[in-house]
Every structure is written in C-alpha cells, then in structure tokens.
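A short worksheet on the structure shown next.
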Amino acid sequence: MAKVTIVGATGQVGSYVAHAVSQFPHVQEMCLYGRPGNETYLDGLAHDMMDSFAARGTNTRVTFGTTPKDLRGSDIIVLTSGIPRKATQTRLDLALENARIVKGYAEQIGRMAPEAILLVVTNPVDIMTTVALKYSGMMPHRVFGLGTHLDSMRLKACLAEFFNVHVSEVHTRIIGEHGDTMVPMWSATTVGGIQIDNLLGVARLPREEMIQRVKSSGSYIIQAKGATVYGPGDAIATLTRTIVEDENRMLTVSTQIRREVCGHEGICVSVPARITRGGVFPIAVKFSDEEEQMFAKSVQLIRETTDKVCAVLDAESRL
Ligand SMILES: NC(=O)c1ccc[n+]([C@@H]2O[C@H](COP(=O)([O-])OP(=O)(O)OC[C@H]3O[C@@H](n4cnc5c(N)ncnc54)[C@H](O)[C@@H]3O)[C@@H](O)[C@H]2O)c1
Ligand SMILES: O=C(O)C[C@H](O)C(=O)O
C-alpha cells in the first residue's frame, strides 16, 4: 500500500493526476500538496474527490497539506508545480523561473521524504529532473522525469491511426529531450509485433510529418484550449501505477544516465528505463547510427541549459 503525494495539486495537471492515481487499488492515501494560502482550495478539492470516490467505489483516503511535514511518509511524490508555457513560448523559456520553484520543493522533499520516488513533471522536464536530483540530494534511481513517455504515446496514437489498428498493437519509443530535439526510435517500432520496415504499407508512412505533429502537439493543444491535461495526466498515472504496483515495465523516461547510454553521463534525459517499486534504472541499449547522432545533439542542448540554470541557482544560494 502506498501514500502518493501530488505537489502542485491545485494546478490543472496536478488535480487531474490526483484523481486518476487515486483509482489504483494500492494507493492507500492521496495527499494533495500546495502552497501555503491554498488550504481552502485544497480542502474543497479533497471533498470533491471524496464524493467522486464514493460514486466510483474507491477506498483511497484523501488528505491535504501545505507544510513540509505533510510530505513525510510519501512513497511516491509527483512534482507538477511550476509555470506552464504560453503557446508562443518554448518549454526552455520556463527554465530558470521553474528551476527556482523545483529547487525549493526538491530541498523539502530531500529532507522530509528522501526514501520516496520523485516523479518530475514541471517543464522543461529534463532540466527540472536534474535540478530536483541535485537539490534533493536523493539517490539517482529515486528521481526521474516524465520525459518522452508522453511523446512516445503521441507517436503511438499517430501510428495506430495510420495503420488503422488498435493502439495496443503499436509499440514505439521516443528518446532524448521532451522538446524539439527528441529522437524517434524507428528501429524499435512495431505494429502487430512486426518491425515497421517489414510492413508493406510502410513506404507511405509520413515519418517526418508524424514527428512534427508529436513535437508541436503541446503548443497546438495549449493554443486551442489553454493547457495539456489528459495526455500528460494519464501518462503520469501510468508511470505512478507502474511503481506502486511494481509492474517492472520498460518505458522511456528522463533519468540520470551513466556511461551505459552511448558514453554520455551525468545528465537527465529520456532513455529506455526499467521502472520498479525500487526505482528507475536506465538500460544499456544499442541505437542505430542516426539515432545515436540525434541523441548526442539532444544531450548537448539539455546539458548546456542545465549547466546555465544550475550556475544561476548556485550563485543565488551563495547570496
Ligand atoms: N512534462 C510534461 O509533459 C508536462 C505536461 C504538462 C504540463 N507540464 C508542466 O507542468 C507544470 C504545471 O502545469 P499546469 O498546466 O498544471 O499549470 P497550472 O498553472 O494549472 O498549475 C501550476 C501549479 O504550480 C503552482 N505554482 C505556480 N507558481 C508557483 C510558485 N512560484 N511556487 C510554488 N508553486 C507554484 C500552482 O500553485 C499550481 O499548483 C508546468 O510547468 C507545465 O509546463 C509538463
Ligand atoms: O507542451 C507543453 O508545454 C506541456 C507538455 O510538455 C506537453 O507536451 O503536453
């Protein structure tokens, strides 16, 4: 049984995730965590969720908190606090402002719940995952980011539509940055268990167009309705369930890589990783030459931005 805490529960993504995750049988307590001053909102949210659970027959206990001691006893913490981008911005535009928010929460979590597993959602997620890892002082396998799991699901939806099959027939993965330098792993893409290059219809597959659609999906949805909620929310819920129920799945999430991935190390970026109740562990994989080159560019961009952001945070801490 597990206590799951959603930091940023007053936000659009946080509140949806809290509701979605509470349905899983092993979630005993759902703690809605927010900033001091938001107690009334959080209490209202807790009551609204309890009504929903009564209607659905869910037995999860809902609590809320705004002070660090409320984080104690958490098995999984999902960090969604931060500014969302406007349709005209890139995720990288949010880096410094959100890094300050993530640093503050990471320090609290590192003090109050160092044994929890921390799932970072705040954008730009790869950079925020390194910030969370660094300032929480937690073990690398206990801190990971949503990364390209959402992008992989978006590509899966495009492929299912193109091949006119149920989504469960499609397996595909995207690695690298949750952003413009993301890398589709066509080498690991199958439909009905068949590698796509062996499918006769594949010649017509508009690969570049599909990847552009995945890359622009977030900004398209933000422009149309203000925020992406259900896509990320259910991607986060899947990852949380994978941990709580110890499903031992291999998914692409942002995790600190060591030299096992193309010789890069010391940065959080999405690669295939084993996700268990004990934590998240990157897997040594051989990529195609093209994937490896594209992945190197993605790592370089993330590293440059992460270094800049951490230098500012460190300078501010010394003031
Ligand atoms: N990684 C992904 O795929 C993904 C998907 C969706 C959203 N996101 C990111 O998640 C974050 C939240 O998105 P949202 O749509 O829920 O936004 P939202 O505006 O609805 O919610 C923001 C949350 O952050 C909190 N917050 C804002 N400023 C804060 C501060 N200075 N200190 C502490 N808390 C603060 C708010 O109280 C609220 O709980 C954004 O950074 C967004 O880009 C990431
Ligand atoms: O695009 C965004 O800013 C939100 C999120 O990263 C997404 O891809 O839905």
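From the backbone N, Cα and C atoms, a Cβ is placed for every residue, glycine too.
Remember, it's a predicted structure, so these values are computed and weren't measured experimentally.
According to TrEMBL:
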- H178: active site, proton acceptor (ACT_SITE)
- G8, A9, T10, G11, Q12, V13, G14, N98, V121, T122, N123: NAD(+) binding site (BINDING)
- R85, R91, N123, R154: substrate binding site (BINDING)
- 3-145: domain 'Lactate/malate dehydrogenase N-terminal' (DOMAIN)
- 148-310: domain 'Lactate/malate dehydrogenase C-terminal' (DOMAIN)
* Could you check the recorded positions R85, R91, R154, H178 and say which one's CB has the most other CB atoms within 10 Å? => H178
* Where the C-beta lies under 6 angstroms from ligand 2, the matching binding-site residues among R85, V121, N123, R154 -> R85, N123
* Structure fact -> Rounding to whole Å, the Cα atoms of R85 (substrate binding site) and N123 (NAD(+) binding site) are apart by 8
* Asked: Those binding-site residues, G8, T10, N123, R154: which ones have a Cβ sitting under 6 Å from ligand 1?
  -> G8, T10, N123
* Do you know the DSSP helix, strand and coil residue counts for the domain 'Lactate/malate dehydrogenase N-terminal' (3-145)? -> 70 helix, 28 strand, 45 coil
* To the nearest whole angstrom, state the Cα distance for the pair V121 (NAD(+) binding site) and R91 (substrate binding site). => 12
* Asked: Using the residues the record lists for NAD(+) (G8, A9, T10, G11, Q12, V13, G14, N98, V121, T122, N123), what whole-number Å value is the largest Cα to Cα distance?
  -> 17
* Structure fact -> Out of Q12, N123, the listed binding-site residues, fewest other Cβ atoms within 10 Å surround the Cβ of Q12
* Across the domain 'Lactate/malate dehydrogenase N-terminal' (3-145), what is the average pLDDT of the model, as a whole number? -> 97
* To do: Give the distance between the Cα atoms of R91 (substrate binding site) and G8 (NAD(+) binding site), rounded to the nearest whole Å.
  => 18
* Provide the three-state secondary structure of H178 (active site, proton acceptor) computed with DSSP. => coil
